[in-house]
Amino acid sequence: MKNTQTSAPIDHMISLGDNRHIRVWETLPKNQEIKRNNTIVIAAGFARRMDHFAGLAEYLANNGFHVIRYDSLNHVGLSSGEINQFSMSVGKHSLLTVIEWLKGRGIDQIGLIASSLSARIAYDVAAEINLSFLITAVGVVNLRSTLEKALKYDYLQMEINDIPEDLDFEGYNLGSKVFVTDCFDNNWDSLDSTINKTKDLDIPFIAFISNGDDWVCQQEVKKLVGNMNSDKTKIYSLIGSSHDLGENLIVLRNFYQSVTRAAIRVDSEVIDLVDDISEPNFEDLTIITVNERRLKNKIAKRNVR
């Protein structure tokens with residue numbers, strides 16, 4: 001039986017000391033008759049907040065999943081820090097902190113969904129800790145190449161002190177010296193570094209690519225998957241989509257449907273897509289989006305006091 005109950009997510013705060021924290025939102029399963037094996041963590045892409053994934057969380061919850069979202073440190077959103085101090089390693093630390101927090105609450109079976117830049121972080125995390133499955137959407141595999149396409153220039157070829165500090169990426173100041181230094185110091189930059197991290201990955205893994213993605217090369221994603229020593233991998237294409245999965249409602253709905261179908265299957269260690277899912281209606285999605293916006297604004301006002 002479908003449960004169309006809508007509400008705001010449960011708000012949590014992970015305190016880290018030094019007056020820093022990570023904000024986490026929890027969405028409980030909307031359909032209690034379906035029992036899933038895993039809690040799903042959603043890692044949003046660069047310059048995206050957790051509330052940008054309200055629709056996906058609702059789709060997953062409508063199909064029986066317990067869903068966790070968070071805002072990274074030094075990023076946009078409700079967690080501590082400014083985005084001009086963001087680095088891939090900070091993003092990785094944030095994700096690992098959320099997963100450890102879940103384990104501290106007795107939640108050990110965890111699947112991860114990551115998009116865009118966060119997918120590159122997810123590849124590192126999946127190689128280092130026990131996850132049940134990994135799903136990526138328009139996931140970055142060659143960070144240097146993606147940055148060059150997005151910024152229209154390969155700034156990583158420059159001496160660190162010559163790189164402009166105010167590079168605009170997705171409408172935000174990247175804080176280029178911090179970001180680039182971390183890329184080189186911790187081997188985030190190349191396709192080879194991603195391949196080396198994931199070659200021994202042996203969990204169900206589904207990668208969604210977009211046929212109109214100008215930032216991520218489909219052949220590089222296929223090369224990454226082809227180098228994995230696993231028979232639990234699959235690539236699906238989101239037809240008609242670019243790197244921006246929210247560019248229109250048709251693309252967005254296809255993204256929600258496809259990822260939900262994938263999550264249901266990999267939750268049972270299968271890498272095909274299930275045919276039927278329970279979709280929330282448009283009114284429910286509108287209500288949850290408005291509720292999350294109100295919650296975000298309420299928390300943001302408290303944070304500036």
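Glycine too: its Cβ is placed from the backbone N, Cα and C atoms.
Keep in mind the model is a prediction, meaning the values are calculated, not measured.
Features as listed in Swiss-Prot:
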- SER116: active site, charge relay system (ACT_SITE)
- ASP213: active site, charge relay system (ACT_SITE)
- HIS243: active site, charge relay system (ACT_SITE)
Problem set entry | Pairwise CA distance, HIS243 (active site, charge relay system) versus ASP213 (active site, charge relay system), rounded so that it is a whole Å | 5
For this session: Output, ordered by sequence, the same-chain residues six or more apart from ASP213 (active site, charge relay system) with a CB under 8 Å from its CB, or 'none'.
Result: VAL138, SER241, SER242, HIS243
Exercise. Where does HIS243 (active site, charge relay system) sit in DSSP terms: helix, strand, or coil?
Worked result: coil
Seminar exercise, completed: Least surrounded, by Cβ count within 10 Å, of the active-site residues SER116, HIS243 is HIS243
Exercise. Secondary structure at SER116 (active site, charge relay system) (DSSP, helix/strand/coil)?
Worked result: coil
